[in-house]
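Noted in TrEMBL for the protein shown:
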TRANSMEM  A:45-64  transmembrane segment
TRANSMEM  A:76-98  transmembrane segment
TRANSMEM  A:127-150  transmembrane segment
TRANSMEM  A:157-176  transmembrane segment
TRANSMEM  A:196-214  transmembrane segment
TRANSMEM  A:235-254  transmembrane segment
TRANSMEM  A:260-288  transmembrane segment
TRANSMEM  A:318-339  transmembrane segment
TRANSMEM  A:351-369  transmembrane segment
TRANSMEM  A:376-393  transmembrane segment
TRANSMEM  A:399-418  transmembrane segment
Amino acid sequence: MSTELPEGKDAAVKLADSDFAADRREHDVRSALLDYWGRIRAGELGALPAILGLAGLILLFFALRPNTFLSNQNIANLFTQALPIVILAMGLVFVLLLGEIDLSAGVASGVCAAVMAKLIADSGQPWYVAVISALAVGVVIGTAIGWLVAVIRIPSFVVSLAFFLGIQGITLKLIGDGGTVPVRDDFIVALANKNMPVWLGWTLAAVCAAGYAATQLLRWRRQQARNLHSRPVELVIAQSVVVAAALLLGTYLLSQDRAASPLIFLGGVPWGVPLVGVLLIVCTFVLARTPYGRHIYAVGGNAEAARRAGINVTRIRISVFIIASGFAAVSGIVAASRLNSVTPDAGGGNTLLYAVGAAVIGGTSLFGGRGKARDAVLGGLVIAIIDNGLGLLGTKAYLSFLITGIVLLFAASIDALARRRRSNTGR
Amino acid sequence: MNAGDAWEPAARASGPQALPYGPAAPSGPADPPFPDGAARVSRPANAADTLTAHDRSARGDAARWEPLGMAVTPVLDLRGIDKSFGSVKVLHDIAFSAYPGEVTALVGDNGAGKTTLVKCIGGIHPPDAGEYRFEGRPVRLGSPRDAAALGIEVVHQDLALCENLDIVQNLFLGRERRRGIALDESGMEELARRTLSGLSVRTMGSVRQKISTLSGGQRQTVAIARAVLWDSKLVVLDEPAAALGVAQTQQVLEIVRRLADKGLAVVLISHNMNDVFAVSDRIAALYLGRMVAQVRTADVTHRQVVELITSGVSGDLGLRR
Ligand SMILES: Nc1ncnc2c1ncn2[C@@H]1O[C@H](COP(=O)(O)OP(=O)(O)O)[C@@H](O)[C@H]1O
Ligand SMILES: [Mg+2]
């Protein structure tokens, strides 16, 4: 195959009938936008619902609570509120990519947090021993669920429903009815309650923005050099600018003074945020750029085809449950940090609903095969805003439950309708 | 790399980091690797070596052919293969061989067990009993991966593609090229395009299209491309032309012939007698899960093959009454 870019009119004619014309055609912004529009109409929504949801909710709550909703104090609150949801949802994305579900991820985060808190408070263990133990508990839970689903072939919703009940029992036994384990370890408390120095926040944000732009542009250049399928450079730049703007705006908002008293300064990016950033980068890399991630998508898309391609489907199935429960442990630790304590109902209630909702709102399909790590972040922010905004409005508990339930159903409907649309339009 | 080789598989020969072509490597214009015109039919004429199931059972031996004069080891040699699903016995004492450089057509009515036999060959269903020899050595396939490792590629009747992945991702599924721990996307995309161009695929807009956006014929081509991408020894195609139009069918037959001429053993399942006679060197007929005849294509007529398919016997060929 010719690798030179054809020149002149003759070449242009040849190009039109040559193989893979779309790969060789120079994409311009217009054709790329038309392409994007076509994909949206065909049901490939991507991040669009989450971004529209974010914008709509911010406007809504700002209109209803103009003084409090966008206060420096509340914005920081929003981010720390989103942290455990996002982490839990990011682990669930792996499970959802296979078209499976882990209903026990919420309470698993609770029991892991309980183990960590007990080890520090009762046994006087250092924080890292406690954290590693909590992660180990998560891995054990995930292995058990994964084994039952992948080897015994019990539907995941039944296995994880059983674990949902059983794990709550274990947490109750660990902590005792009505008990509370305080979390006072400096390191753990700092995760959700302490902030990075302002300069460090800015530096990290700048480095991330530059790093993102650099990887995108380098990939574009490599694709151009080898005459591979690529997007128009304008779009690559625009996307890098948007990501950089989001990072810098977030840093700016979190760097404002939010102390109640004018005498002290309280500001900076909470330490949990870079933790989520690292998880996001790692998960994105694993899913999009490694054979393991590719195999997850393959198993989610067509498990039999994956098996025939020589992929060890059982191992992939077990591994995603381990990842989900491992992330649940991290999420539980961050939640415990935020609340400074662990109670028997940690990770219960609407924790799981929030996390699944976050992933689905972000664009991960419940039917498997579609989803990204960033979905957890976008969807997690949407969920956190709903939770936070309803709190500010003083909504009664029963109404909060109702509203979150409806939001989840709404997101799932969009997912199902988009899927139908895709199959109708052959996508 | 010259244009005629452009479609040639290079994947297994080269290590993961050493691409056989570089960004700077000049390559020729896109010549279709298959000359236009009908599939070339090269069949060694041979009259005397027809063995039937009936002769075989009389001698208690598996069917064997020795191509004219010289002893060629069959790439694939199955004997006494049984396969049951629960209480339903689908394959009875199957003997089947495929020779290098030859196209063996596997024919039989719907439900005769062709697909089941193919799945046994491809390591998807382990046979219940029988001997499986590959290049003369007895082997035991535990999984499709084992089959691929031996050099067996199967194009399944139901294609087995992941609709949520794109063409390149499907072509390399399970055997991705890596650079360090990451995927070598560029290398895979280049090789995918090369392979597809070699198969004269002109209808696809982009190798980065998702499978879900492709037509049936295009999907078929992707499935075939996946089998010829690797440096394999045996390619099995289960009804590859079932979903195709006239021109595309012709193209598939050309690919089949071309693979055999390269020295691969090819097994082709088809219901179309014209296709079978146009391209095959041997015909193996399955009837209700039994191999009723394995003959040279040159030695039989359309009518005989149709009779074998529909009733299991034709003259002195086939099941003993
Ligand atoms: N997984 C299975 N379980 C039970 N029966 C099967 C299975 N696969 C195939 N069969 C049966 O085996 C017989 C042969 O099927 P198949 O090999 O698909 O035939 P062909 O490909 O020749 O049309 C059919 O009767 C079919 O119902
Ligand atoms: Mg079949």
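Just so you know, the numbers here start at 1 and follow the chain as drawn.
Using the three backbone atoms N, Cα and C, a Cβ is placed for every residue, glycine included.
Nobody curates TrEMBL annotations by hand; they come from automatic prediction.
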Interface check, the transmembrane segment (A:351-369) with the transmembrane segment (A:76-98), three or more C-beta pairs under 8 A: yes
Contact yes or no, the transmembrane segment (A:127-150) and the transmembrane segment (A:45-64), 3+ Cβ pairs under 8 Å, gap 6+: no
Winner by Cβ pairs under 8 Å against the transmembrane segment (A:45-64), considering only A:76-98, A:235-254, A:260-288, A:399-418: A:399-418
For the transmembrane segment (A:399-418), distant same-chain residues with Cβ under 8 A (at least six beyond the ends): 43-45, 49, 350, 353-354, 356-357, 360-361, 365-367, 379, 383, 386-387, 390
The transmembrane segment (A:196-214) in contact with the transmembrane segment (A:76-98), cutoff 8 A, at least 3 CB pairs, sep 6+: no
Cβ pairs under 8 Å between the transmembrane segment (A:318-339) and the transmembrane segment (A:260-288), at least three: yes
